[in-house]
Amino acid sequence: MPQDPMDFEWSYWIEWGRERILWLLAGHLLVSQMSRLLVEKYKPWCLMVYGMAACWLLLGIKGFAVILLHAAISFAVAQFQLSLLTWLCSLILLSTLRIPAVEETKRKWYDTENEYYLLLFTVSVRCLFCTSFSLEYCWHAPAQKSSHSFPWMLAYVFYYPTFHNGPLVNFDEFSKQMRRQEAFSVKTNLSILIVGIIRIFFWWCLAELMIHLMYIHALYSSALPLESASYWALG
């Protein structure tokens with residue numbers, strides 16, 4: 001049975017995943033395990049450098065500079081420790097993505113629309129992470145702000161597994177997990193990896209099945225079948 005051709009996002013991410021993202025995630029896994037085994041104390045910084053390198057590779061130096069600039073502006077605004085100001089800053093940074101002149105300039109950085117859309121997706125999700133960090137900086141007492149430094153913000157913003165489309169992990173949870181030291185066990189790590197791969201494969205197969213059987217996107221993009229269907233059928 002043919003695939004629903006109207007599901008742009010699924011096709012888009014599958015294409016990027018096959019080309020580069022899957023390999024970069026494998027690289028992150030390798031760097032994570034090696035740094036955990038050899039230099040656990042510096043693991044957050046190893047992963048930060050890897051995330052920056054992956055960002056540079058996929059989005060180019062200009063795309064990397066945009067994300068770094070957004071993080072720097074968010075961190076600077078957070079120093080005022082006003083939640084309202086943080087929200088305003090985030091909304092203004094997001095609104096710059098819809099300014100026609102800025103859009104045209106960014107499009108010229110890339111050869112294809114898909115590369116531009118990757119920047120758009122990534123910057124939008126990074127804005128959520130910058131907002132999370134800044135709000136938690138505003139809410140914490142001065143004694144708790146030692147871990148809310150700009151290097152830690154960069155480690156959080158450039159953490160590669162959540163880099164392009166999330167999911168959102170708040171900064172406190174991220175920091176706690178990064179600081180946690182656990183005994184290295186090949187057997188445990190291998191079992192976690194295998195279970196994770198099985199889960200991803202299961203959900204990927206389910207999503208593919210839905211695209212080939214349900215035609216959800218094709219239906220809602222065409223008004224005539226929806227108008228002729230009963231309310232029960234629509235429900």
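In case you wondered, yes, glycine gets a Cβ from its N, Cα and C as well.
Quick caveat, the model's predicted, so the values are computed rather than measured.
According to TrEMBL, the protein has these features:
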TRANSMEM  20-39  transmembrane segment
TRANSMEM  46-69  transmembrane segment
TRANSMEM  75-95  transmembrane segment
TRANSMEM  116-135  transmembrane segment
TRANSMEM  150-169  transmembrane segment
TRANSMEM  190-216  transmembrane segment
### Interface-richest range of 20-39, 116-135, 150-169, 190-216 toward the transmembrane segment (75-95), CB pairs under 8 Å
116-135
### Query
Under a Cβ pair cut-off of under 8 Å, which of the recorded stretches 20-39, 46-69, 190-216 contacts the transmembrane segment (150-169) most often?
46-69
### Message
Let me spell it out: take the transmembrane segment (46-69), skip the flanking residues so only those 6+ beyond its ends count, and list any with a Cβ under 8 Å from a Cβ in it.
### Response
20-21, 24, 27-28, 31-32, 35, 39, 106, 109-110, 115, 118-119, 122-123, 126, 151, 154-155, 157-160, 163
